[in-house]
Amino acid sequence: MAEEAKNSGVNDAVVAAQSHSADGAAVGTAVLSSDAVQNPGLPPHRERVTDLDPKKAKRAERTVYTLFYISIVGSLGAVLAYMFFPIETGELLAVRLHTMFVGIAMALALLAVGIGAVHWGKALMADHESIDERHPVPSNQETREDAAEVFTLADKESGFSRRSLVRNSLIGALIAFPLPGITLMRSLAPQDRDPVQLLKHTMWDKGIRLARDPSGVAIKASDVTIGSAFHVIPETLTHEEFSKLSLEERGGSENFLDAKAKAIVLLMRLDQSQLKELPDRKDWSYDGIVAYSKVCTHVGCPVALYEQHTHHLLCPCHQSQFDVSEHAKVVFGPAKRPLPQLPITVDKDGYLIAQSDFHEPVGPSFWERLK
Ligand code: FES
C-alpha cells in the first residue's frame, strides 16, 4: 500500500486497516496526511493604549458611562415624546411626529447602550488571549466551582464591581430601556372605557346612506350589479362632516381613523335565490344586496378579497374565509365568528341606507370570553 501511494505521486501515507471482514477483505484504510496545516499559534500580544496609559483608561471609562447615561436620556426621551406628541387626534402630521420622535429617542437609547458596551469591552476589559477547554456535559461540582471562579475573575478583570460609575450607569440604562416599550402598551387599549362597548357602537345608524370608500359618494341599489362588491363607509364619514358630529354620532370614537376602522363595510349583490338567510335576518338584505363588516373576527385585519363564484370573502392575514351566501359564516381559517351583518334597505330615492347599527361588536371576538 505504501508503495502504491509512492507510485501515484501522492504525499499522504496510506496505511492498511488492521481488521478484515469474513471473506478476508480489508474493511477500511486510514489516511495520515504528511503535509497537514500547522497551527500558526497566536500573534504576539499587543498592549492597548488604555493598558499603558492610566489617563487614557480613565477617559475611556468616562466615554463608556457617558454613553450609558445618553442611553438613559434616550429611553426617558422616548417616554416624553410619547406623552408630548400624542396620536389621539388621528391627524397624519401627529402620527408622523409621534413615530419620528419616539423612534429617534429609542434608537438613541439602543445605540448608546450598544456602543458603550462594545467600547467597554474593547478598551477597558482585560485583553489577553485564553483557551477555553471543553468539558463533558453535565458539568460536575468541580466544573461549577471553576465557572464560579471564572465569574469572579471576569468581575475582577472587567472592573464591574470596582468601576462603580460604569456599573451603575449600565444598570440604570438597562432598567430605563424597557420603559418606552411599557409606555407604548398604553396605546393597545382605552384606559377608561369598556372595549366591548367601543366596538359595539359604530357610526352606522338608522337612515345613514352607504357611500363608497374613500370618495364618500352615496350608493344606489341600482348601481350594485350581481357579482359586484363595494368598499363602503357611512356617508357622514368625511372630514368635514365628522368634525360636526357628537361623540355619540361618531360611534364613541374620538378620531376619524378609529371611527372609520370600526365602520368599514363590504357590500355585495348575489342572486336572491343563492342567499340562505337566517329566519331573524330575512329583512336585513335588499334584493340580494348584503352588507358585512370588513373587520375580520380573528384579529381584526380588513377582509378585502371577494371571490364572486364561491361567494367567499378571504382575509389575507391568516386566510380565514367567510361565506357571504350563508350569513358570512366561517368556512375556513382561525376566525371563530361570522362577520357582523349590517341591516340595510333603501330610502325613497333608491339609495342604500342602514336600518340600524351592527347588532354585535365588530372585529376580534376576545369580548366573547369576557361574558
Ligand atoms: S385577521 Fe383575519 S384571519 Fe386572522
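Each residue, glycine too, has its Cβ placed from N, Cα and C.
Note that the structure is predicted; figures quoted are calculated from it, not measured.
Marked as transmembrane segment by TrEMBL: 64-85, 97-118, 170-189. The domain 'Rieske' annotation in TrEMBL covers 287-353.
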For the domain 'Rieske' (287-353), what does DSSP give as the number of helix, strand and coil residues? 3 helix, 27 strand, 37 coil
If you average the pLDDT over the domain 'Rieske' (287-353), what number do you get? 93
